[in-house]
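Peer 1: There's a structure below that I have some questions on.
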Amino acid sequence: MSRTPDHNPGLRPPFTSSAPSTSSIKGIDAIAPQVTQDMDERAALMDEERGGESYGATSSGKQGADVGRRQSTLVKRVKYYIPSTAWIPGYSFSLFTGDFLAGITVASMLIPQSVSYATSLAKLSPVTGLFSASIPGIIYALLGSSRQLNVAPEASLSLLLGQAISDIRHDYDDKRHGPLDTLGLRIATIITLQVGLISFLLGFFRLGFIDVVLSRALLRGFITAVAVVIMIEQFIPMFGLTQLQHILDPETTVDKIVFLCRYALTRMNPVTAIISFSALFALVALRSIRNKFKGVWWIYRVPEVLVVVVVSTFLSEKLRWDLDGVDILGEVDVHTGGSFIEFPLKHSNIKFLHRTTSTAVVIAVVGFLDSIVAAKQNAARFGYSISPNRELVALGAANLAGSFIPGTLPAYGSITRSRINGDIGGRTQMASLVCSGVVLLATFFLLPWLYYLPKCVLAAIIGLIVWSLLVETPHDVLYYWRMGAWVDLAIMALTFSLSIIWNIEVGVVVGLVVSLLLVVHRSSKTRMTILGRIPGTDRWKPIKENPEAQESVTGALIVRIRENLDFANTAQLKERLRRLELYGIDRLHPSEEPRRQEASVLVFHLADVDTCDASAAQIFLELLDEYKNRGVGLFMTHVRPELQKTFDKAGIVDLLSTDAFRENVADAIAIVEGARQRDPSFSQ
């Protein structure tokens, strides 16, 4: 059950009766819709397990009950898969004040941010950023399960989009293909369409678990590289070198670093540089002041970005900075194409499909990882649950809807904005609807007021975002160093280096491949250990964990497999067993001489094995057949009924006979010892 951070129910002596206070009643009303939604979601999941008929019911009564049950199930399913059908009808207006303030506050930050991302990172019209900050947010609010997640353009994703647009622009010219803005809009549209489709399909096929297979080290390396690349990109307009950049056209990040070193001091525009770094200093100072006064609501809720934008625009108009060579936003056309809504699968867009698919995949994966982290943080904070698969579907639908407006940037959840949304008082998706509504109003009515906004101020705003991206990097690096996590440090360094030297996309793809290879490598090693007898008992324990446990039967190797068997971890089962057989539990190099004799009896303890897939069963059968041909005695103990059925179907039971399947290890060892007493040559 969630409650606002400042809610304090107080303490009462036990067995004291008193009428509920007005504030308590309001608190109950505020959380009631959320509790109802959570109960509906749980009921939707449990409903399939319910069934049966009432004793003594008539046939018509049974039919009526069945119809009612089906209707109830349908309603629960709809509420589960479309969360807005659950929270909108039960919305309490006692929540509206907090949602409204949160929406207004986030929108005041998001408007200048989205304009900055569109112009400085994606190299598109400011309107594309504003539409990206409104339309996808509305769709997500209706379909998403996170109540605080704010869906809009992100700096890293906008940078990836901008790099894809720049790469393709180098291959086209104005005369043959029209204005560059049109080309950029087409590329952005097809990328956003693919991003939405990829996210939707990942959720539809229930692949939301991908957030657990990618390491935090990879994400930290990616985020750090993005921050550095973005900062280098923004130094160019902050020093007033945009026109010179267009002439010399440095492509890679390294080229831009060299460009800045050569021309930043000799060819810069002094007025632009003063405005840029003054704005950046003001942003950092205002944010520091705001964070120190979190208890004073009217200070904490002041959006420093909006303040700097308003002040700089006013001063630019009064002092006519544009006459001193300062680039300003100028007049912005609200239309991004022939009409507001266009079908994205046009030939002019599809021809860029193949060249942009890799970028779309990276954006979809990275965007989802950021979104799910933000969603989980808020779900844990406010006491509700989310589904990664439903989040993917909602994010996919949001981007698919956005692609119908030409040039819309990919939109995903933001950790920072979502946290602020919850801090201000956002408790439902209504805050996102309010935020998107305010951004739409600004798109159609406020853009003319930003005519004199210096573009270098937009670059300074992104500089503030870069600072927030970099602030956690030293902590993570020191943590991995202190923990001796050299693999994590290597992944972080590899992702960072390739992103800087080559490009962001290559760095992320290589980091993803390395992380997945590590996951596969670790999962391919079957977890198993050697068991020994506790002296004077019939109990068998791992000898690595219990020093008193002893291998009391000569030539008998008792192995406990500690996980389910599948095609991945069974492929190396033969090699793993061979190492246990010859080297025991000691970690020795294969070039070392064997420390043990080959086993004459092999006993498998399978209490921890619940399932075994077909491929694993086939490999296991071949392994057992090889041991049998070697004359090794084989026993299976603690075999569960479902596993027994799998072994029977695979032919393992026929290979070993039913006598080889014993209830426990003690039974198997008793058979071995008895056989040796009768025939000393048994399994020698």
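Every residue, even glycine, has its Cβ placed from backbone N, Cα and C.
Curation plays no part in TrEMBL annotations; they are all automatic predictions.
Dumping what TrEMBL says about this protein:
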REGION    1-24  region 'Disordered'
COMPBIAS  13-24  compositional bias 'Low complexity'
REGION    47-68  region 'Disordered'
TRANSMEM  91-112  transmembrane segment
TRANSMEM  124-143  transmembrane segment
TRANSMEM  183-205  transmembrane segment
TRANSMEM  217-236  transmembrane segment
TRANSMEM  268-286  transmembrane segment
TRANSMEM  298-315  transmembrane segment
TRANSMEM  352-372  transmembrane segment
TRANSMEM  392-409  transmembrane segment
TRANSMEM  429-447  transmembrane segment
TRANSMEM  452-470  transmembrane segment
TRANSMEM  490-520  transmembrane segment
DOMAIN    546-672  domain 'STAS'
Peer 1: Compare 91-112, 183-205, 217-236, 392-409 by their Cβ pairs under 8 Å to the transmembrane segment (429-447) and return the stretch that comes out on top.
Peer 2: 91-112
Peer 1: Six or more residues out from either end of the transmembrane segment (298-315), which same-chain residues have a Cβ under 8 Å from its Cβ atoms?
Peer 2: 101, 105, 108-109, 111-113, 275, 279, 282-283, 286-287, 289-291, 321, 423-424, 449-450, 452-454, 457, 460-461, 464
Peer 1: Pull the DSSP breakdown for the domain 'STAS' (546-672) and write it out as helix, strand, coil residue counts.
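Peer 2: When I sort the residues of the domain 'STAS' (546-672) into the three classes, I find 57 helix, 21 strand, 49 coil.
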Peer 1: If I count Cβ-Cβ pairs under 8 A between the transmembrane segment (452-470) and each of 91-112, 124-143, 268-286, 392-409, 490-520, which range comes out on top?
Peer 2: 268-286
Peer 1: Is the transmembrane segment (217-236) packed against any residues at least 6 beyond its ends, judged by a Cβ distance under 8 Å, and which are they?
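Peer 2: Result: 120-121, 155-156, 159, 242, 245, 253, 256-257, 259-260, 264, 366, 369, 459-460, 462-463, 465-466, 469-470, 472-473, 476, 480, 485, 487-489, 491-496, 499-500, 504, 507-508, 511-512, 514-515.
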Peer 1: Near the transmembrane segment (91-112), which residues from the same chain, at least 6 beyond its ends, have a CB less than 8 A from one of its CBs?
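Peer 2: Residues 4, 26, 29-30, 32-33, 130, 133, 150, 152, 301, 303, 305-306, 309, 417, 420-422, 424-428, 430-439, 442, 446, 458, 461 contact the transmembrane segment (91-112) from elsewhere in the chain.
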Peer 1: Same chain, outside the transmembrane segment (392-409) by at least 6, Cβ under 8 Å from its Cβ: which residues?
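Peer 2: Tertiary neighbours of the transmembrane segment (392-409) are 117-118, 122, 124-125, 127-129, 131-132, 135-137, 139-140, 143-145, 151, 153, 157-158, 161, 184-186, 188-190, 192-193, 195-204, 207-208, 336-337, 340-344, 367-368, 371.
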